[in-house]
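**Student:** Handing you this structure, nothing more for now.
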Amino acid sequence: MESSILESIGQEIIGVMSPVSLCMLLVVLLVYSLSDSNPFSSSSAPIRTAANLVYLENPSDTTAQKLEGALLNALVFVILIAIVTFVLVLLYYYNFTNFLKNYMRFSAFFVLGTMGGSIFLSIIQHFSIPIDSITCFLLLFNYTIVGVLSMFSGGMPIVLRQGYMVSLGIIVATWFTKLPEWTTWVLLVALALYDLVAVLAPGGPLKLLVELASSRDEELPALVYEARPTVSHNEGNPRSTLGLLVAGVSDSGSVELQVVSNNNVRRDGAENHRSPEYTAIQVRNLENVEGERNRDEGERSPLVGHSRERYSSDSNSSEYSTVIHNRESETSVDEEMSPLVDLLGMDNEREHERRDSVVASKGIKLGLGDFVFYSVLVGRAAMYDLMTVYACYLAIISGLGCTLILLSVCHRALPALPISITLGVIFYFLTRLLMEPFVVGMATNLMMF
């Protein structure tokens, strides 16, 4: 019996929601802690960034001026992001992979060293931490170098890489909370709409990037958080360890005979009659067995033709050695036991099984921008009241859970911002305009404790 969606991706959902919740929590704590310190105080003068190039919000401006200026800022910022994303797609299309990797290394170094260093100095000043400049510089330098190495070098623990990804999101989100209020809310809605178009629309830059990376079987040239699955989907499956000798055609076109361990099948002592594993397996020539009928089918099936060409190239020998490895899923065992002639149907089943297990094999990946803008929304809500923080947090987590469930159903890349940002913005204004006045009024009149 097939398990439900929640049972199959439950560990992955927890693996994504936990760092998102941690990122939002730390951003809220930083906003509260540095509320009286520069450069993150909402009462200080607003800074000029790429998100407010056109209009710099002034408290004395009217509501219409603030809304118009916020719309212009959001439009310019989204256009800049779209241009940069298309440029990255073009560079990746023409195989400028090394340039993209170096660019991401420099970006991570800049964010950790300068923006993170500014936050670090603000924390030292706010809490009056006794530390000298040399020690502070060494700590910041080591933190930055280790972060760049852990995110872009192999052999590093996955926990360290995940931790630095979360810290990058915290640093960028804390800086984004410096934006004026109207610009922040309009910008969040505009980015949710852009994410929806860029990922799902034909010709969208993120859609093109994902398809190009999938066609090359490479990792995305971007800063993404990967939640590795901790529990295999075939765990506890009694048929996943059957001791069977199976035959089939692999994706590369080579014919394989494979041995799967049979510890669960031969528990009654039948191992004495037959060895459970084989160190070498030999196959006879397929051309003498299949004959002219299979040659005609090989012309129609590219997989059969390719495998026959590989056999005919070594026609001087009558036996061939193949790779032996263990299958870990029931579906793969059933597919490899199918006849060698029925290759088109087997290939379609293998492709469907590969799409169904993409979450389990590679884990769920969440872009760093999703961490940033989730935390920006909660950080902006923290500047008003804790009640809005709770409402926005629950809305974002609910939207992320809906997105992950849709991901397991659709088997394709989906935008993570639209549902969560929409729910978060709606819950913020409902809580601020309706729930908070109602609760405060009831409490002040001693009608609710």
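The backbone N, Cα and C atoms fix where each Cβ goes, glycine too.
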**Student:** May I ask you to indicate which of 106-125, 206-225 is given in TrEMBL as transmembrane segment?
**Tutor:** 106-125
**Student:** Do at least three CB pairs under 8 A connect the transmembrane segment (416-435) and the transmembrane segment (182-201), leaving out pairs fewer than 6 apart in sequence?
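**Tutor:** Taking Cβ pairs at least 6 residues apart, the transmembrane segment (416-435) and the transmembrane segment (182-201) are in contact, with 3 or more under 8 Å.
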**Student:** Six or more residues beyond either end and a Cβ under 8 Å away: which residues meet both conditions relative to the transmembrane segment (416-435)?
**Tutor:** 185, 188-189, 191-193, 195-196, 366-367, 369-370, 373-374, 377-378, 381, 384-385, 387-388, 391-392, 394-400, 402-403
**Student:** Taking residues 6+ outside the transmembrane segment (106-125), which of them lie with a CB under 8 Å of any CB in it?
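**Tutor:** For the transmembrane segment (106-125), the sequence-distant neighbours (Cβ-Cβ under 8 Å, at least 6 residues beyond its ends) are 30, 33-34, 37-40, 131, 136, 140-141, 143-144, 147-148, 151-152, 164, 167-168, 171-172, 174-175, 223.
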